[in-house]
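First the structure, in the form of structure tokens, and then the observations on it.
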Amino acid sequence: MASLYQRFTGKINTSRSFPAPPEASRLLGGQGPEEDGAGPKPLGAQAPAAAPRERGGGGGAGGRPRFQYQARSDCDDEDELVGSNPPQRNWKGIAIALLVILVICSLIVTSVILLTPAEDNSLSQKKKVTVEDLFSEDFKIHDPEAKWISDKEFIYREQKGSVILRNVETNTSTVLIEGKKIESLRAIRYEISPDREYALFSYNVEPIYQHSYTGYYVLSKIPHGDPQSLDPPEVSNAKLQYAGWGPKGQQLIFIFENNIYYCAHVGKQAIRVVSTGKEGVIYNGLSDWLYEEEILKTHIAHWWSPDGTRLAYATINDSRVPVMELPTYTGSVYPTAKPYHYPKAGCENPSISLHVIGLNGPTHDLEMTPPDDPRMREYYITMVKWATSTKVAVNWLSRAQNVSILTLCDATTGVCTKKHEDESEAWLHRQNEEPVFSKDGRKFFFVRAIPQGGQGKFYHITVSSSQPNSSNDNIQSITSGDWDVTKILSYDEKRSQIYFLSTEDLPRRRQLYSASTVGSFNRQCLSCDLVDNCTYFSASFSPGADFFLLKCEGPGVPTVSVHNTTDKKKMFDLETNEHVQKAISDRQMPKVEYRKIETDDYNLPIQILKPATFTDTAHYPLLLVVDGTPGSQSVAEKFAVTWETVMVSSHGAVVVKCDGRGSGFQGTRLLHEVRRRLGSLEEKDQMEAVRVMLKEPYIDKTRVAVFGKDYGGYLSTYLLPAKGDGQAPVFSCGSALSPITDFKLYASAFSERYLGLHGLDNRAYEMAKVAHRVSALEGQQFLVIHATADEKIHFQHTAELITQLIKGKANYSLQIYPDESHYFSSAALQQHLHRSILGFFVECFRIQDKLPAVTAREDEEED
């Protein structure tokens, strides 16, 4: 049981409180303490892989396995070959026997050489992945953040920091901003004006929530102009909530104190066009906490018309939303608190309205009319997208999130016309995705769920076309099948092609496809076999769809290349991340395997990470990593180097992930299974994955652990008390980072989406609590980690959990991060967090490794 010192000092997982992390070989009972001076040895170098363990598992110094291959003495050979009469030796027989032995030995040696994988020798020379690697420049993926600005040109940032304009057709480059200038301004973000005359920089940026921030902004003429501060007329040196260019010339807006300011061009005084804002209460053009985190998934809540003459913006009113306070314990004699509006399940939600203002001439503010539908008494606005310069598409979603109405609103009158309606018995998924419009706005493509047989609905492209002199639209499905379209990228009118990403290849992959929008809707994969060691792509097309930027995201090292749409031919590489490729080629990277398991008529994918030196004859600890947020995906062919990589590479663990019921991209039947049953079905599926792994001879059944963060922290807490077939605990230990422990304490939009409206029927909320689960803990080590100023999942969740753990006399440890937010923005804190988690599991696996020896000593003493 963790000591009181460990529980409350915050040092339970530091390098002083845990012994130095052992090598993978030590975790597996290989190198003994007496060999420490020899330095770490790779796992595969300790004993021949084919050598069987001697039964009883005991023997040799340091607890190392003994092997049955032993040399026989000369006397043994004499007795066997000659008999008991010494003078009568058969020298010829001895010579023949020795010759046979030599031949057999040579055959064995030859076989070992031929059958040993060629990589084994090189593996022993490679380094193991460490926590330091995660934060080193060698492993930092560079994303050029390329953005198309014309049919043939895009802007990107090179590794040295300079901002480059690249012409695809002429293959020429122009430096717009030197990297040194960005460094001198201490700028964190930059943006180029549409006419390429000015650059906008932000510096001294201070994060607010996941996406939002405040910062100082300056404007500078390209390439070498002096910076000039961007401020509202009434304030100098103001810290702004947002600033950004419009679609034309040098027009820009910025937001200060939740009010919107407009500037027609650089040098002209900004005018306040929206002035109803109230700090922390009424947001104009920006999201409040709930919309930023759960609905729009961005802090930006304003949208320019294509011609720059109008601006649509949301007004979000939090005045009736209950206030949460985030305490600050350090830096003052008395703790202080930061209040903000946070709606929990069943509480008052923010109200929202959508407005359009004209930017040419006198400001005219017009509110778009919401649907007149009794199911929409409370609603969210989940998507806004301009179709033309006077028409704007808006998606309205009921608070219960089971009814949505897509409308097309007239920006000159405020009248909204219904274009599509969707309804679900569970919840509506993927509600903030934007449709793609034709130039005249009469045709648009959007993704909707379509029935595809026994697996329920899958998300496919539908085209809606307005008919002349008719109020009814013609709707057709472009794609179909038991796979999902994950994103519509572009519509090429001149070629009648739609471009999109999908899971048609496999759910864990993302390939780029095109489909004809006429005739039989013929479909073609553009990215299949296009890039070596890459099956997970994203892409962006030039405005005319003649070229596209193709971003490989895995399983190999991410790259970015430019292609011609006509023949898919690669024109050039924009980024290859060779430094990362070199770094991982020098490391013992995990081996990745994929399997499927069967449970309750479902085939569920699992991902297994094994040490590079993996052998079937060794015994490895098993770590189950859970996420499982409904609609998410854990098993994907994406490149990542994380603390899990360190756990596998440096500490010889096997890591497994499973996409069970509630996960995305496998049909709505599997997705919606967890409705009003959070926790129970996920437990069943994750435990089935563990049971499958425990059948493998290379898994040590005494060293099994579970980890999760956020919703995954909820699941890891839910799973930890699980029992095996013999009613013994399956897990030796577990850890939860920022766990949700009671959904009535969490965000309204999230909890109500999956458990229903709180207050109408609370049984689903009560059943989902982890309190009734943790009372069944039987001595398993449990590490709970939480930041005290977590704005997303309040420390209140962990406080409630600890209360239950104390009542149940559980063996828990608590690690807090004082005054830190949910996202751990500091690299130093992230590094400490990773070390803490790794140290906990290394110690857990080491203790379990010693238990059999301790038991044996106790038995000897009793005898």
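Including glycine, each Cβ sits where the backbone N, Cα and C put it.
Remember, it's a predicted structure, so these values are computed and weren't measured experimentally.
Swiss-Prot gives the label N-linked glycosylation site to one of Asn317, Asn533, namely Asn533. Taking a C-beta cut-off of under 8 angstroms and a sequence separation of 6 or more, Cys525 (disulfide bond) has the following same-chain neighbours: Glu504, Asp505, Gln511, Leu512, Tyr513. The two recorded residues, Cys534 (disulfide bond) and Cys409 (disulfide bond), show a Cα separation of 42 Å. Neighbour count (other Cβ atoms within 10 Å of the Cβ, all protein chains): 16 for Cys528 (disulfide bond).
Looking only at Cα atoms, Cys844 (disulfide bond) sits nearest to Asn811 among the recorded positions Asn402, Cys528, Asn811.
Cys528 (disulfide bond) has Asn402 as its nearest neighbour among the recorded positions Asn402, Cys409, Asn811, going by CA to CA distance. The glycosylation sites in question are Asn171, Asn564, Asn811, and the one with the fewest Cβ neighbours inside 10 Å is Asn171. Cβ-based crowding with a 10 Å cutoff singles out Asn402 as the top-ranked of the glycosylation sites Asn402, Asn533.
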